[in-house]
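Remarks on the structure that follows.
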Amino acid sequence: MRLRPRVLVDVSRTDLSTTVLGLPVSLPVGIAPSAMHGLAHPDGEAATARAVAGAGSLMGLSTMSWRPLEEVAGAAAGRLWFQLYLYRDRELSRDLVVRAEAAGARALVLTVDAPRLGRREPILRRPLHLPPGVTLPNVGARRPGTEHLSELAHFDSLLDTSLSWRDLDWLAGATRLPIVLKGILTAEDAALAVAHGAHVWVSNHGGRQLDTAVSALEALPEIADAVAGEREIYLDGGVTRGTDVLKALALGARAVFLGRAAFWGLALAGEAGVRHTLELLREELHLAMALCGKTRLDDLGPDLLRLPADWPAGRGQ
């Protein structure tokens with residue numbers, strides 16, 4: 001995918017501000033929900049949340065976080081979405097929804113591309129075991145007979161593999177919060193999400209769920225056409241440069257989210273490292289917009305891009 005820059009445009013000022021589900025953000029880059037930030041830094045998700053609050057951004061908190069939901073929500077200062085899975089035991093899921101609402105989460109992110117965990121061979125070779133005494137405070141307690149399971153195997157045992165669109169209706173009836181479906185990769189599912197009142201998060205789960213699945217960016221044009229502005233669209237997957245952000249926004253995303261890149265910053269320098277990661281992308285996006293002759297996010301559209309010839313038509317192409 002190539003950029004088609006315009007020239008002789010006054011770009012003395014570029015504005016990255018927008019809103020995400022009505023929340024003003026100073027840049028369209030947030031932190032995606034990812035598990036166990038405490039493996040990267042002792043402050044874990046609390047450090048990530050403080051960085052997000054300082055940057056005027058937004059954080060998605062994983063169910064499998066190292067720190068309790070309530071602590072991270074306080075650190076995020078009102079800039080938190082909570083990611084969840086639906087468990088076989090709906091009361092466990094309902095309890096998480098109640099906790100998220102009470103903590104001030106602004107939306108629920110339901111992961112829909114993991115009815116079962118994909119074949120993650122590095123973890124199969126070296127199963128994940130948390131240090132003694134460390135638990136995941138947002139995951140349901142272990143049932144008798146599961147003590148021998150690794151943390152991921154225990155979590156997998158809780159998941160509802162029969163999840164369907166009817167269950168989305170159950171979740172909508174259990175919360176007053178907006179619902180975002182994370183893991184959409186086709187126009188068909190995007191249209192169903194809209195029909196059920198949900199927003200759309202385009203993601204292939206970091207490429208770890210299904211080999212040869214399309215990338216999020218490749219799926220975005222057809223999804224943007226299917227959604228047709230009726231709901232907001234977000235994207236994660238492979239975002240490491242300001243030009244990556246620019247391309248996703250031009251194809252119809254409202255905002256993008258970082259997974260690995262934020263984790264790298266956290267591992268390097270905790271809160272300051274995550275903040276530095278966000279500021280690097282802020283600077284790069286300002287520059288990329290200026291060099292493309294664009295001054296506002298609303299100016300971005302598919303005319304800015306030349307898509308590969310083998311990509312499906314969509315988004316005005």
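Keep in mind that glycine also has a Cβ here, set from the backbone N, Cα and C atoms.
TrEMBL: automatically predicted annotations, no manual curation.
Same-site candidate for glyoxylate binding, as annotated by TrEMBL with Y85, H205, R208, chosen from R119, R120, R241: R120.
Of the listed candidates (K182, K294), TrEMBL assigns K182 to the same FMN site as P33, S34, A35, S62, Q83, T111, S203, G259, R260.
Comparing the Cα of R120 (glyoxylate binding site) with the Cα of every entry in P33, A35, K182, G259, these being the binding-site residues, the smallest distance points to A35. Spanning the residues Y85, R120, H205, R208 that the record associates with binding glyoxylate, the maximal Cα-Cα distance equals 19 Å. Put plainly, the binding-site residues P33, G259 were compared by Cβ crowding within 10 Å, and the winner is P33.
According to its DSSP assignment, H205 (active site, proton acceptor) is helical. Of the candidate recorded positions, Y85, H205, R208, the one lying closest to G259 (FMN binding site) when CA atoms are compared is H205. Considering only the recorded positions R120, K182, H205, R208, the Cβ with the fewest other Cβ atoms within 10 Å is that of R120. Restricting the average to the domain 'FMN hydroxy acid dehydrogenase' (1-310) gives a pLDDT of 91.
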